[in-house]
Amino acid sequence: MKKLVVIYSGGMDSFTALNKAVKEGFDVYALSFDYGQKHNKELIYAQNVCNELNVPHKILDIKSISTLFTSSSLVSDDINVPDGHYEADNMKSTVVPNRNMILISLAIGYAVDIEAEGVWYGAHSGDHLIYPDCRPEFVKVMDQASKVANFEPVYVHAPYLNTDKIGILKDGIKMGLDYSKTWTCYQGKEKACGTCGSCVERLEAFQANNIDDPVQYSI
């Protein structure tokens, strides 16, 4: 059985990717990160799912890097997480500079250590506009760099790179997944806000698939 590291935030995109990898027969190792995000509640969801799936899971504490990213509303207490759709200009404040390169680099190192052949992460087409490190050109060069950075080549793959959240949910429905086991909201409060870009995109995906979102919202 081929080993695979899946970067798993606890959100619906990486939740679907994680389950996809398990169902495809990979020996999956999940890796989550506490990088100082306001919505670190997602890590509880990630741990619970991995326990249910019997998937080895590490949560890496790298909160100290948040001091480098004071311009991001996801980690800075001085900036409010904006409401609205990802297409709005104010959503750029949710960018954590170089986040995916940092997280993927750590995942590659982990993959080399456990002799895994690849790293998956949950980038999708809905992220392309706002997040440069979710675009096809980034995935391509990160994959190339990974294969020359170590003696052991590790590939980097985003299984939903050319699919939006609507399509991801559609695939998850086919797999029979329970999305009450995911946390999407950037606010990290008791209930999902329903108004941040992440919530808006999630709600649109459920509406497009004609099913109810099992998560409770404060709106």
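Cβ from N, Cα, C; glycine included.
These numbers come from a predicted model, not from an experiment.
Annotated ATP binding site per Swiss-Prot: Tyr8, Ser9, Gly10, Gly11, Met12, Asp13, Ser14, Phe15, Thr16, Ala17, Leu18, in sequence order. Residues or ranges marked as Zn(2+) binding site by Swiss-Prot on the basis of sequence analysis: Cys185, Cys193, Cys196, Cys199.
Features as recorded by Swiss-Prot, highlighted on the structure.
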residue: Tyr8; record: ATP binding site; DSSP class: coil
residue: Ser14; record: ATP binding site; DSSP class: helix
residue: Cys185; record: Zn(2+) binding site; DSSP class: coil
residue: Cys193; record: Zn(2+) binding site; DSSP class: coil
residue: Cys199; record: Zn(2+) binding site; DSSP class: helix
Cα-nearest neighbour of Cys193 (Zn(2+) binding site) within the listed binding-site residues, Tyr8, Gly10, Thr16, Leu18: Gly10
Length of the line joining the Cα atoms of Ser14 (ATP binding site) and Cys199 (Zn(2+) binding site), in Å: 15
Site of maximum Cβ density within 10 Å, from binding-site residues Cys193, Cys196: Cys196
